[in-house]
């Protein structure tokens, strides 16, 4: 989907806020801890290349989901280490060596498939992924980890790191978190030779479990100023949201009592009302379940009336406003603010999803 710069809908990305968040988090973790910036999924909707370029001097490396995201960074001139967090296709090994990526190894079957195809592994760098309880990818048994490490090293692979991912670091109860931590520590203790980098701290762990940090952290959601727990846990220190979502009024009219709005005619005015149209819809990631949520116009909350369409929403105004008047969907307007977490709560989801779903049709503007 191509960006649509000739309409007023845009996402404003405060790169300085992201840098400040990295510095804030860095000030609260052990000195010497490596900082890996997670810029997968287009940097959580903020723009991977622009964000990575802005923060490259503040971090020690980057994490992405797949090899295509990694190639995008390299082709944009980013030279710092890039760890691919997901499982890569066998054919990606040659690309990883060519572009100097670090791959994740999550199972013996993957290694054996490479050996069966006689793939040249010499010079490849990898991190071993441990499934300590997340249940997605990773080794579960210490014996498998030892076997994998031996096989890889025998074939010229540099096993640089080992890591895991916590499922409940952003929740009130620490019980499952502690169980995962112990499983991970048990596997580490069983290894004959511990890799150079050991990391288990995602944003939530970095914020609320700083005492469990090994020697690297993966900064994701929090780097963009979002609370990984939503509204469950208070942040231990201030973070600055980096993304503002804005549009403008493109049509304003007064309708009589009884007038209906949107598909299905689900909203009917109970009196004469001022209705405005805003050019954003579910094709932009402003999903259909946002009906009845309020956006901000002139510092006032204005409800979305009628269903969210693919490209447009209709809102009820307290009075007529000129065409071009700013509409804030995420961010501050006057003395009011709408946060990504508030949007997520309304949708019964998480703030990660809210920002990641903002489609490429919305131009990103950086400052």
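The backbone N, Cα and C atoms fix where each Cβ goes, and this holds for glycine too.
Note that this is a predicted model, so its numbers are computed, not measured.
If you look up Swiss-Prot, you'll see 40, 263 marked as active site, proton acceptor, on the strength of sequence analysis. Annotated substrate binding site per Swiss-Prot: 136, 310, in sequence order. Under the heading N6-(pyridoxal phosphate)lysine, Swiss-Prot lists 40.
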Listed in sequence order, residues with CB under 8 A of residue 136 (substrate binding site) and six or more positions away: 165
Other C-beta atoms that fall within 10 angstroms of the C-beta of residue 310 (substrate binding site): 10
Under 8 Å by Cβ from residue 263 (active site, proton acceptor), counting only residues of that chain that are 6 or more apart: 306, 307, 309
Residues that sit under 8 angstroms from residue 40 (active site, proton acceptor) by C-beta distance, when 6+ apart in the chain: 48, 63, 64, 65, 66, 69, 85
Structural state of residue 263 (active site, proton acceptor), classified by DSSP into three states: helix
Three-state secondary structure, which DSSP defines for residue 136 (substrate binding site): coil
Mapped DSSP class for residue 40 (active site, proton acceptor), helix or strand or coil: helix
